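Notes to accompany the following structure.
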Amino acid sequence: MAYIDQKHNTFWDDFAIALRDKIVFLNSTWGEIHASAHRFEDLSALAFDEAEEMIYFSDQTHQNGSIFALRRDDSTPIVVQRTGNDSVEGLAYDPLNRNLFWADMRQQKIFFSSVDTLATELPKVLVDLSGEGGQPDGIAVDICRRQLYWTNGNIKSASVERIGLDGKGRQTIISADIDMPRGIVVDQLSDRIFWVDNKVGIFFAIESARLDGSDRQVVVKGKHQDPKHLAINEDAIYWTDRMDKAVWSYPKPTYSQEVTNVTQAEPELAKPFSKEKAYGIVTRTGFYQRLQKDAHCASIVKKVKQQLNTRLNNRTHIRSAEGDRISQLEREHCLNGASFMSRGEFCICPVGFKGARCEISECHNYCVHGTCEISDAGFPKCYCQAEFYGERCEYHKCNGHCLNSGHCSMDKESDAMRCECRPNFGGERCEHNLTEQCAIYCQHPETQLPVSCLDFCEEWSNSNDTATITEYQTAGQCGPAPPVQGPLIIVIVLGLVTTSGLVALTVHGVRLIYKPKRPRIKKTFVVRKQARLNSSSDTPLTNRPLTTEQCEITIENCCNMNICETPCFDPKLVEQTFSSRDRKAPCVKEDKKILIHSMEDNLLS
């Protein structure tokens, strides 16, 4: 049900925090503007409609209702029917269909209803978790892709799930390594979800994933907190902590398709509340200005604007000349082509402008040293001058380049950086302390001194006081060291020679092991005297010699690969040679003539 109440002429700026018994509105610097809903006792969840500047909230124990609305152009409280015996833990709003969704942990269901028919129709059930023991806690609407996300806080089956706003396509996207998830939010700018997980014990975590549950990352991990709900805008993540009675903030990680860069920082205490616990939180995201050209959101933003204009035009009332003049003034109130919403009395700015009247350009004072343009996504983008860099061109390239108070300058043509060093410093970045380096040379008189150190060493030897040498910052590099000495060279040479010898022995041993053996030739020749001539029919088979007339010669390795270990002689030529030697002196050179030239051929013949 809804309860509408507003008595203030100024609405909240950037944040709204639900404490136990009131809603506090704060500006961008966390300064308190005012507080509302003082007649409530047990506030919990919040939801915000940026199209009509409407904030929705829930009270667990109010006697007249469970869900309420806060709008500034209504001053009379309106009470509608109570939703039932419920315990609303999470709220979410869809501006396209003007439906309000809430998670009822007591009934274990997720309900929804149109804000236009809350007083006349009963809410409908979108998801029923009672049969499976689920405990819906935080919920969030993906306006552009028409999905509803929720956290199941049952520690036995904890999960993060989603379903279409039409009730179809339920899907569990996170179910592993999750303990007790609480609040959840959809960031339309980065197309990711963020949720709080109360870990077992004293720990907690804030995690993130893509809309389908992939690319899961831990953004913040800490302890000794009791986080409940969270909100997100362009710059940071914010969550309520019931233990410390405060709101914490953390820099929003930047994601892209190529690079994921998670900012490494510590959570900051954004807003402490000394007496009351903080529960729900919502923040202004600039949805309608930021996403007018987004591929997924542009059509939704256009439809929401058209519906707002249609509802305003359908109002029938008598207009006088004074009324027409007031209407003209209202239209002129918004600058730079912005649209004026009379019901909420606010402006919807076009891409590239912001402010209450859309009077401030997004590029105003945005780029420090460069030119600014509005990107297709509706964000300011800087084109830096040659000497500067950074998201806003706020950093000079020479920052921190020259060390030890050196002066940095840049070449306009090549953009190269050069350093002019102070006396007694040198190097490309003035990283070398010549005083320290010369002191090292001075302590080793056997080394050759650089010319630049002669004067210093002479003065140093006279004073003989090394305590006056000051230590300066360096770039992580050492100065030139004294040259190596003779004994070190000898040791190095001996080591190289020994290593070479060991390598040679190893190679030779391997060759001996794996080299195939050469074949060995073993032949036997029978040598006998000349056959007897007593018979013309005598043959070697019929006229065998006596044992005293023959001998056997075994020849091994004869002419093996041209290496003759045992000389091989032709038996047919031996007798002729010996008979001729008897007539003249023996000649050693003639022995070569009777060597066997082709042993195998002679044997075959």
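Using the three backbone atoms N, Cα and C, a Cβ is placed for every residue, glycine included.
These features come from Swiss-Prot:
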DISULFID  Cys334-Cys347  disulfide bond
DISULFID  Cys349-Cys358  disulfide bond
DISULFID  Cys398-Cys408  disulfide bond
DISULFID  Cys402-Cys419  disulfide bond
DISULFID  Cys421-Cys430  disulfide bond
CARBOHYD  Asn27  N-linked glycosylation site
CARBOHYD  Asn64  N-linked glycosylation site
CARBOHYD  Asn85  N-linked glycosylation site
CARBOHYD  Asn261  N-linked glycosylation site
CARBOHYD  Asn314  N-linked glycosylation site
CARBOHYD  Asn433  N-linked glycosylation site
CARBOHYD  Asn464  N-linked glycosylation site
REPEAT    53-97  repeat 'LDL-receptor class B 1'
REPEAT    146-190  repeat 'LDL-receptor class B 3'
REPEAT    191-236  repeat 'LDL-receptor class B 4'
TOPO_DOM  32-486  topological domain 'Extracellular'
TOPO_DOM  508-605  topological domain 'Cytoplasmic'
TRANSMEM  487-507  transmembrane segment
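Features recorded in Swiss-Prot, as mapped to the structure shown.
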| residue | record | contacts (Cβ under 8 Å, 6+ apart) |
| --- | --- | --- |
| Cys334 | disulfide bond | Phe340, Cys347, Ile348, Cys349, Arg357, Cys358 |
| Cys398 | disulfide bond | Glu387, Cys408, Ser409, Met410, Met417 |
| Cys419 | disulfide bond | His401, Cys402, Gly406, His407, Cys408, Gly427, Glu428, Arg429, Cys430 |
| Cys421 | disulfide bond | Cys402, Asn404, Gly406, Gly427, Cys430 |
Between Asn27 (N-linked glycosylation site) and Asn433 (N-linked glycosylation site), how far is it from one CA atom to the other, in Å? 52
Secondary structure at Asn27 (N-linked glycosylation site), reduced by DSSP to three states: coil
Around the Cβ of Cys358 (disulfide bond), how many other Cβ atoms lie within 10 Å? Please give the count over every shown protein chain. 22
Candidates Cys347, Cys349, Cys402, Cys408, Cys430 (disulfide-bonded residues); min other-Cβ count within 10 Å returns Cys408
For the topological domain 'Extracellular' (32-486), would you mind checking the mean pLDDT of the predicted model? 82
Taking the Cβ of each of the glycosylation sites and counting other Cβ atoms inside 10 Å, which one has the highest number: Asn27, Asn433? Asn433
List the helix, strand and coil residue totals of the repeat 'LDL-receptor class B 3' (146-190) as derived from DSSP. 0 helix, 23 strand, 22 coil
Within the repeat 'LDL-receptor class B 4' (191-236), residues counted as helix, strand or coil by DSSP: 0 helix, 29 strand, 17 coil
